[in-house]
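Listed in TrEMBL:
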DOMAIN    4-317  domain 'FAD/NAD(P)-binding'
DISULFID  Cys41-Cys46  disulfide bond
BINDING   Lys50, Asp302  FAD binding site
BINDING   Gly171, Ala172, Gly173, Tyr174, Ile175, Gly176, Met177, Glu178, Glu194, Gly261  NAD(+) binding site
DOMAIN    337-438  domain 'Pyridine nucleotide-disulphide oxidoreductase dimerisation'
Amino acid sequence: MEKFDVFVFGTGTAGKYVADRCARNGKKVGIIDNREYGGTCSQRGCDPKKLMLASMEAYEFGKNMTGNGINNIPEIDFNAAHKYAKRYVSDIPSNTEEMLKNDGVACYHGDAHFVDEHTIELDGEQIQSDIFVIATGLKTRPLGIPGEEFTLESGDFFALQEAPKSVVFIGAGYIGMEFSHMLNRSGSRVTLIERDNQVMKPFEAFTANKLEAASRDQGINIIKNAQVSSIEKSGNRFIVNYAMEDGTHQITCDTVFNTAGRVPSVDALKLENANVITTDSGVKVNEYLQSTSQPHFYACGDVSNKNLPLTPLSSKEAKVVLNNILNKKEKFKFPTIPSVAFTLPNCGGIGMTEEEAREAGHDFEIHERDASDWFNNQRINAKHYAFKILVEKRTEQVLGAHILGHEAAEQLNIFAVVMKAGMKWSDLKDTIFTYPSWGNDILSM
Ligand SMILES: Cc1cc2nc3c(=O)[nH]c(=O)nc-3n(C[C@H](O)[C@H](O)[C@H](O)COP(=O)(O)OP(=O)(O)OC[C@H]3O[C@@H](n4cnc5c(N)ncnc54)[C@H](O)[C@@H]3O)c2cc1C
Ligand SMILES: NC(=O)c1ccc[n+]([C@@H]2O[C@H](COP(=O)([O-])OP(=O)(O)OC[C@H]3O[C@@H](n4cnc5c(N)ncnc54)[C@H](O)[C@@H]3O)[C@@H](O)[C@H]2O)c1
């Protein structure tokens, strides 16, 4: 029977880092994935999405400038955008495996499960380890409705050969919003069906509502406060049935995506056989990212119950787990993390929403504005730009920053530095930025 010091489940951002660094630190390490190596971000998430988005951004720029220096509205070739993304990400699985093997990690493929607290079984063979790391990420949340089998999930987006004529997204969170903007620019007729009363619910309502308005303006159909009840196949098309306060409705389309959220990918592991406690939000861990019921188990990345499912946090957790395995005791401290939906325009935020700041009892100023008439927005002939910044009165600390705009992702990075450094609002305003730039807009916010 093969025996390891450390055995890692999952080869995404979190798992591959822990496995590789443990091996480089002299541990005997094994790793397994039940799909290709590389994880969600590189294969079915952030990276291929942003690579494809480059074409949609170029289209948007060209369309906005048509008649203002550009002669014709550019045309999106969805299939070519898809191939462009593939070109960059398709080598990652083999490169990841090669890198791990070169560093001495034993690489496995398939579905393994626990038989006891130190033993797993893979294809009838048993493997043991002193320490286990669970880094299996998330998977699409089942809808639990008739006809669910007709839905595609986020990973399938990257296998689409062309933009469907009409598409329904069930769920208007990050994935539904981002994909709907990409397909809308690619010529699809897009509908989002959201059960809540706000798109991008955890986001600040001011900017989320602006995103909703910008999306509608673009021709995206958004149905809120609606519960999808079933999906039927009708020839090559699908009928999505949904209920609202005024009764039941239906919509017919070519493609339906389930973008109603993601849940921890743990069922297949049979963690109960190892007495490892899981909750709805993942493997239950303490501040060292160590299982609360089995000290020789760690969890990091999306699958740990301490995470927000974002790549930079998965990396951060992986570093904490590595240090704890190497006996350099480190507690995981939840950082202030910026996050953005890569819609066109971007919509994102960092820190508290206005509601959260009020609940926490802060005394703060609100700097809020529709900035669509500002120079940088007008320069690219874009329509939508808005922000809401919350600044605590006594300390002048930025409590939260929320931006909808072409360069919101980068502007929020500046706020991330400001908040990490504890910089005062008046000191920020006294900083010199390049001019005229989106960063410089912060001085007028
Ligand atoms: C469409 C989409 C877009 C996204 N865009 C962004 C973005 O722009 N920015 C951002 O910060 N985050 C984004 N995310 C989130 C980001 O991808 C994740 O936070 C990140 O990939 C998590 O890394 P991880 O290592 O924890 O898990 P993953 O990368 O998901 O890796 C888990 C690995 O475990 C494997 N696995 C699962 N179950 C088992 C099992 N039973 N046995 C063995 N292996 C198993 C999986 O195959 C996978 O390879 C996006 C996610 C999606 C779905
Ligand atoms: N740009 C980024 O950073 C990025 C992009 C994509 C995904 N992600 C990460 O991946 C995670 C998952 O994204 P997601 O979009 O799947 O989840 P999400 O939680 O962001 O959105 C799911 C949405 O579906 C709605 N919903 C749930 N059940 C529904 C139903 N039955 N009918 C209609 N609507 C329903 C929810 O109210 C919610 O608005 C995110 O939390 C995020 O952390 C990040």
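Heads up, the Cβ atoms here are built off N, Cα and C, so glycines get one too.
Known features from TrEMBL, placed on the structure.
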residue : record              : Cβ neighbours (10 Å)
Cys41   : disulfide bond      : 24
Cys46   : disulfide bond      : 15
Lys50   : FAD binding site    : 14
Gly171  : NAD(+) binding site : 23
Gly173  : NAD(+) binding site : 21
Ile175  : NAD(+) binding site : 23
Met177  : NAD(+) binding site : 28
Glu194  : NAD(+) binding site : 26
Asp302  : FAD binding site    : 31
Restricting attention to the domain 'FAD/NAD(P)-binding' (4-317), give the mean pLDDT. 97
Any of the recorded positions Cys46, Gly171, Gly173, Ile175, Glu194 with a C-beta atom under 6 A from ligand 2? Give them in order, or none. Gly171, Gly173, Ile175, Glu194
Got a sec? Which of Cys41, Gly173, Asp302, the recorded positions, have CB under 6 Å of any ligand 1 atom? Cys41, Asp302
Could you tell me the maximum Cα-Cα distance in Å between the residues recorded as binding NAD(+), namely Gly171, Ala172, Gly173, Tyr174, Ile175, Gly176, Met177, Glu178, Glu194, Gly261, rounded to a whole number? 14
According to DSSP, folded down to helix, strand and coil, what is Ile175 (NAD(+) binding site)? helix
For Cys41 (disulfide bond), just give me the three-state DSSP call. helix
In DSSP terms, the domain 'Pyridine nucleotide-disulphide oxidoreductase dimerisation' (337-438) comprises 31 helix, 31 strand, 40 coil
What is the nearest of the binding-site residues Gly173, Ile175, Met177, Glu194, Asp302 to Cys46 (disulfide bond), using the Cα of each? Ile175
How many Å separate the Cα atoms of Asp302 (FAD binding site) and Cys41 (disulfide bond)? 11
So around the NAD(+) site, Gly171, Ala172, Gly173, Tyr174, Ile175, Gly176, Met177, Glu178, Glu194, Gly261 aside, which residues have their CB within 8 A of the centroid of those CB atoms? Phe169, Leu192, Val199, Met200, Thr259, Ala260
I want to verify one value. Collapsing DSSP to three states, which class is Asp302 (FAD binding site)? helix
What whole-number Å value do you get for the CA-CA distance of Ile175 (NAD(+) binding site) and Lys50 (FAD binding site)? 12
